[in-house]
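Enquirer: Pasting a structure below so you can have a look.
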């Protein structure tokens, strides 16, 4: 029996920015907050830690690389809540700069999670987002830098207002293939696998926002990509300038855009401001 209680869900939330987003939503969101993580024991540990702070998130396992895991989460949300009000796609990976793993493997592995995993979550969960829902895809300003390092031809494609999801998938796969052949630079790609995957996330967000306008305009769902900033996490390291709490500010702002807000929608947002793409 599903309840009418609102529910927010954050992926990749057992540590870092995701964990800080859950903490902030527990304090500000009027409803249940579901913390998800790939590793059950780490997820439960994270929930316990928040419980010691007097907060009460729920936990559900989610590996965004595993379609079965995504579907199990969707079924849980439908059964318990009849859908989803707020989705924050935060799960992602990056190789360290000094990592010796060959570039083409880094490209494939990073793309699998950051782009295709996020796309798979959206495919399953966007259809169950309730009216006035909010969707936040955590991207990165690295995507803007990577975009500016692309060939003019690629930049034009990624900035297009009419690019389709299929065309974007084709480009992401081409990057992996070009990296395997060692011709990615010659083909106009930047030298950052992480950056290209986050171009994918930002452009995917623009495509999905457009689709929502076409198919569900009256539902007033707002979907955006954002950059949390350079945040001290396992991923970015200790020299980064922002705390995870500061990194959570923009994603939480977008997750809690008030009912009736007209925007932002389909934008790339940094420090609560829309950045030109």
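Backbone N, Cα and C define each Cβ position, glycine as well.
Owing to the predicted nature of the structure, the values given are computational and were not obtained by experimental measurement.
The annotation N-acetylserine is assigned in Swiss-Prot to 2. Under the heading phosphoserine, Swiss-Prot lists 2, citing a large-scale study or a structure entry as support. Per Swiss-Prot, the feature NADP(+) binding site maps to 10-34, 63-64, 90, 194-198, 231-233; the stated evidence is similarity to another entry. Taken from Swiss-Prot, the feature glutathione binding site applies to 95, 96, 97, 106, 193, 194. Annotated substrate binding site per Swiss-Prot: 140, in sequence order, evidence recorded as similarity to another entry. Swiss-Prot lists 194 with the feature active site, proton acceptor. Swiss-Prot lists 239 with the feature N6-1-carboxyethyl lysine. Sequence annotations record features per position, and here Swiss-Prot assigns region 'Disordered' to 258-277.
Show me how these features fit into the shown structure, please.
Expert: Of all Cβ atoms in the shown protein chains, 12 besides its own fall within 10 Å of the Cβ of residue 2 (N-acetylserine).
When secondary structure is read from DSSP and collapsed to three states, residue 2 (N-acetylserine) falls in the coil class.
A C-beta separation below 8 Å, combined with a sequence spacing of at least six in one chain, links residue 194 (glutathione binding site) to 94, 95, 110, 114, 140, 142. In the three-state DSSP scheme, residue 194 (glutathione binding site) is classed as helix.
Just so you know, the Cβ of residue 97 (glutathione binding site) picks up 8 other Cβ atoms within 10 Å once every protein chain is counted.
In three-state terms derived from DSSP, residue 140 (substrate binding site) belongs to neither a helical nor a strand segment and is classed as coil. Note on residue 140 (substrate binding site): other Cβ atoms within 10 Å of its Cβ, all shown chains, come to 27.
In this structure, residue 239 (N6-1-carboxyethyl lysine) belongs to neither helix nor strand by DSSP; it is coil.
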Enquirer: Whole number in angstrom, please: the longest C-alpha to C-alpha distance across 95, 96, 97, 106, 193, 194 for glutathione.
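Expert: Those residues reach a largest Cα separation of 11 Å.
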Enquirer: Looking only at the region 'Disordered' (258-277), what are its DSSP counts of helix, strand and coil residues?
Expert: 0 helix, 6 strand, 14 coil
Enquirer: For the recorded glutathione site, enumerate neighbouring residues of the same chain (Cβ within 8 Å of the Cβ centroid of 95, 96, 97, 106, 193, 194, site residues themselves excluded), in sequence order.
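Expert: Not counting the recorded site residues, we get 94, 99, 101, 110, 192.
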Enquirer: Between residue 20 (NADP(+) binding site) and residue 2 (N-acetylserine), how many Å separate their Cα atoms?
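Expert: With the alpha carbons as reference points, the distance is 28 Å.
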Enquirer: Note down the number of other Cβ atoms within 10 Å of the Cβ of residue 196 (NADP(+) binding site), including every protein chain shown.
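Expert: Total other Cβ atoms inside 10 Å, all chains included: 30.
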Enquirer: Name the secondary structure element type, per DSSP in three states, that contains residue 63 (NADP(+) binding site).
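Expert: Where residue 63 (NADP(+) binding site) sits, the three-state DSSP reduction gives coil.
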